[in-house]
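To start, the structure under review is shown below, and the notes come after it.
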Amino acid sequence: MAGKVHRLSGEEREQLLPNLRAVGWHELDGRDAICKEFHFKDFNRAFGFMTRVALQAEKLDHHPEWFNVYDKVHITLSTHDCGGLSERDINLASFIEQIAASLS
């Protein structure tokens, strides 16, 4: 991805995070990251969700930290290039929400 990535400012956080908090994303204690656990009907839907997210993450060159247990997928987002939350995380989280909603 072209251009320097910057960590979100306090003002940017106040503007961008409330919408994600409203749908269940939360900030991690002791780390500048956001996370959420998603629940699906079964493993097949969870894996399909992960596949769709992975394809978008590859396009964005921004990859989540995640793990899957049967019908659950836990995702953590943070930008290593700036050592914390960036607009990349917000954009990927928004995309993830769209995919999750389409599979509900």
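Glycine is treated like the rest: Cβ placed from N, Cα and C.
Remember, predicted model here, so these are calculated numbers, not experimental data.
Marked as substrate binding site by Swiss-Prot: ASP61, HIS62, HIS63, SER78, THR79, HIS80, ASP81. Per Swiss-Prot, the feature N-acetylalanine maps to ALA2.
Each of the binding-site residues ASP61, ASP81 was scored by how many other Cβ atoms lie within 10 Å of its Cβ, and the smallest score goes to ASP61. Binding residues for substrate (ASP61, HIS62, HIS63, SER78, THR79, HIS80, ASP81) extend across at most 13 Å, taking the greatest CA-CA distance. Around THR79 (substrate binding site), a 10 Å sphere centred on its CB holds 20 further CB atoms from the protein chains shown. When secondary structure is read from DSSP and collapsed to three states, SER78 (substrate binding site) falls in the coil class. Apart from ASP61, HIS62, HIS63, SER78, THR79, HIS80, ASP81, the residues listed for substrate, the same chain places the Cβ atoms of VAL5, SER86, ARG88, ASP89 within 8 Å of the centroid of those Cβ atoms.
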